[in-house]
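A.B. asks: Can you read through this structure? Questions will come right after.
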Amino acid sequence: MEVIKSANDKREYRVIQLENGLKALLVSNPPDADGYQSSTEVESESEEGSEGDESDDEEDMEENEDGEKEEKKKNAERQSAAALCVGVGSFCDPDDIPGFAHFLEHMVFMGSDKFPKENELDDYLGKHGGFSNAWTDCEKTVFYFEIQKKNFYKALDMFAHFFISPLLRQDCVDREVKAVDSEFQMSVPNDGDRVNQLISSLAREGHPMRKFMCGNLKTLKTLPEEKGVNIYDHLREFYNNMYSAHYMTLAIESKESLDTLEKYVREIFSKIPNNQKTQPSFKLMKEPFNTQEFRKFYRVSSVENAHSLEILWSFPSLLHEYRVKPLDYLSTLITHEGKGSILSYLKKRTLALSLSGGNNFTGTENNSTCSTFYINITLTDEGLQQVYQILTVIFEYLHLLRTVGPQKHIFDEQKIIEDNKFRWREKGEAVDYVEELSENMQIFPVEHYLTGRHLIYDYDEKLIKECADILKPDTANIVLRSKSFDSQGILNKEEKWYSTKYNVQDIDPEWVEKWRNVLPNAELYLPEPNKFISTNFEILDSNVTEHPKIILEENGSQFWFKKDNKFNVPKGSVYIRITSPVVIENLLNSIMNDLFINLLLQNITESVYPGVLAGYEYSIDSFATGIILTVTGFNHKLALFLDTILEHIRDFKIDSDMFKAVQIQLKKTYYNDMIRPKELAKVLDTAILDPHYYPLPDKYKHIMSITDTMLQTFILQLRNSLFIDCFTHGNFIKQDVKDMAVMIMSKLRLSKPSIDLKPKRCYHKVPESQTYCRVNGVNREDSNSCVMNYYQSIPGTIYNSVLNEVLVTRMKEPCFDILRTKHQLGYSVGANTRTNNGILGLQVYVQSQATKFSLTTIDDHITSFLQEFQHTLTNMTNEEFYSLVKSVITSKQLAEVSLEEETGRLWREISRENYVFDRREKEIALLEKLTQKEVINWYQQYINNTQRKLSIQVEGNKDDTDKKMCTDDDIDNIDGMVISCDNLVFKGQGEPDRTFITDIDQFKKTLVVLPYAFINS
């Protein structure tokens, strides 16, 4: 049986099973499978756009470098990748060692008999443009990596030996226990994780759904030691029982032929042992939530300042019903946001702002023992007071679904949408693809390895009805989460692992009786036929230019266009950046820009949601000087989709009730951003360095002073003084794009401002010294800390950008190895380049816990690492340096994997006003001449006495007696950035060898302003 693939997928597939029982899916991506490809810079190795890299907020979407000329496209590369899924997970944890499967996942990476160095694979991957990672779920554990093609075989061999002969080194046990604990501590303030663990505790005794799956120091060290249990003694036995070849599925993708890939897999992976044991199965452990605790009403404390209502139902496992996906049918209707929907009804009454729900393929929502279905609603303050009424609306809609029954035309519409998406699905990153495939192989039959997760095959009216019948009040579990409960004295229980405070009561029987007998609600009805579904997938014939060209220019506004000639898919994107001097005029205008966007997002939901279902995507985001709007999807109805959004901007109206609700919600959002240590560190960093940025504490303090009249005036001023930079890319013809440009201008602009008014980007120069900004975290129940050290360089050129990239490419892996693995400073550690308004820099960050390390200790370790790294650079052999540079060059020859990726690369050149569309060729030419001495000399600025260092430090709680949240009243005491709140106060003045900022506004006045640097020479 062969796998079914999309007609747009030119890759070749083969499924094999080794003698040891391991199943492998081979994916060959030969050169002609990409059509004619172009090369691109991989942003994870350069400026930004991947996790850990930093840049200006408005540039986060502005990815990648320029395409190749036709004659060079044959040199394009694509990463090779592999993923191995072990068909066991945390359900197999020993009852007395919670988190043991997760801990084993960490230990497996600590070397093998053939490759004994504990960091050997990561070091090899890091030197050749790759990385690895792993995760543990209920019944699966997945390991994966990517690397450049020429190094794939050796990396596969190193990877496979983790499962052939892992060392499971005893001297790594304590370190990896600490790593698991750091991972847990970072999840402790996460409301989603807290509620999920509370729900798990409602499962019946002895059922694996009741387990604490992450593990921490207590479960992996303290409690076992108290019981005389040596977890290392159990490790090898657990590994031998759980990591057997016949439990494993492997997916690999590379440019080699299928025969070559099969040869690789048979040579390397056939050595994985088969323990001849039956794979652990939990299929007989039915109904985990058939307990007295489950069908209750829970009030739960929230870490964030938010109100949410979640209704949860438990089903028998529906994994085998993937052909019908009955819960997908129901969730499409229940979570619909258009006319007649639950959310539309609630928003009209200002009771809710968002609604999500359904069921996906995560282990807790879909496993062999059960499937779950949830509805989650973000409530307004008014909604929190009317929970019964909101639940009544939900049960009215569920009653409607049961009354009208499954509708074949709605099912058919969903099927068409998913078929269209899959038919024109583009390649993503190889590593993401094989990760998903290795997991799919555990769930679906061979022919549906690619399609089982995405497509809908069969209409089963009876099954859909049966599932709808379960969604009744008698079987529902209700969780109401709010920060306001903390002060009401009603939370009398505490969850065991996360210490989440909660209260539980029976659901009011009168409520349940009324919900059983709800009457029809005329304002709730099924959605209309979807006008956004594309029906024309013709690839248009049009003149193609090598690079984007301006097709319309007027008073500082520019409209760029490039016809796609690479991917040949009926898709397109429009990126619009709106800038205005009004936004940066004062603090209140900056807040009103945020308010405008948040209100606009609420206003457009009902109109655009059908388009989202049909495969269109949009985003509207603020940045320091304006707004970025993007739309992507099938080109057939993209203009209609964009026009729907633009009409809401043109006809923007303010409903006073919704204005107040969004205003309050935005204030909560500011607060919730500040309680996350890394986010607060970014806020402080930007507040110091960006002259146009108004920090969140200021916004938080003043947002409630804004009136709807003020906002209306602001919007008029904005539309009278805005500049538009727009890029359209994809399956379009020039005249259609010109028509869109005219439409955009006519619906956004009210007048044509002078180009002299267009905001100019700039950045502050960091002094030649070591400057520190240290504050307490806002959430005093959170022990997590963050140290974010920024080392500023000089205005960028293509040459020194390349130097910076090579430097950090070499730094990433040892930074992780030394600061995280060896010193165990924290779970989240990294080094990355920074480019802010054209100014280059280096950043090293560590997220840790204040109960384990002081901020000074972490900063000292970072300093020591940077000094030691000097020796790493100096001691590189010529061969090692050549290999490093070659890996960076190869990363710039990687084929773009989608039209959207190319769009992002071209948009970045336009939005940054660099317009270097052949940047990749220029960078490769410089790299080929680069010397080791040049990189070493470049590095000196970051470690010598004239370094320009800014260390942002947010300190978590290190005293269990001082656990309290910074309240709204505390935050309201903020005066500008001179914090008077006890829990958000500048610290560190007592350390004479360090310069500490005690007043950001005053400090900024001493800084030199650097003009925007164009990286185009």
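Note that Cβ sites are derived from N, Cα and C of the backbone, with glycine treated the same way.
Here TrEMBL flags 42-68 as compositional bias 'Acidic residues'. Residues or ranges marked as domain 'Peptidase M16 N-terminal' in TrEMBL: 74-208. Look at TrEMBL and you will find 232-415 tagged as domain 'Peptidase M16 C-terminal'. What TrEMBL records for 422-701 is domain 'Peptidase M16 middle/third'. Summarising the annotation, TrEMBL assigns domain 'Coenzyme PQQ synthesis protein F-like C-terminal lobe' to 810-907. Annotation comment: TrEMBL describes 26-75 as region 'Disordered'.
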A.B. asks: When you check the domain 'Coenzyme PQQ synthesis protein F-like C-terminal lobe' (810-907) against the domain 'Peptidase M16 N-terminal' (74-208), do you get at least 3 Cβ pairs under 8 Å, counting only pairs 6 or more apart in sequence?
C.D. replies: yes
A.B. asks: Looking at the domain 'Peptidase M16 middle/third' (422-701) alone, can you tell me the average pLDDT?
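C.D. replies: So the average pLDDT across the domain 'Peptidase M16 middle/third' (422-701) works out to 96.
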A.B. asks: Take the domain 'Peptidase M16 N-terminal' (74-208) and count its residues per DSSP category (helix H/G/I, strand E/B, coil), listing them in that order.
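C.D. replies: The composition, in the requested order, is 67 helix, 23 strand, 45 coil.
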A.B. asks: With helix taken as DSSP H, G or I, strand as E or B and everything else coil, how many residues of the domain 'Coenzyme PQQ synthesis protein F-like C-terminal lobe' (810-907) land in each class?
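C.D. replies: For that range the per-state counts are 56 helix, 22 strand, 20 coil.
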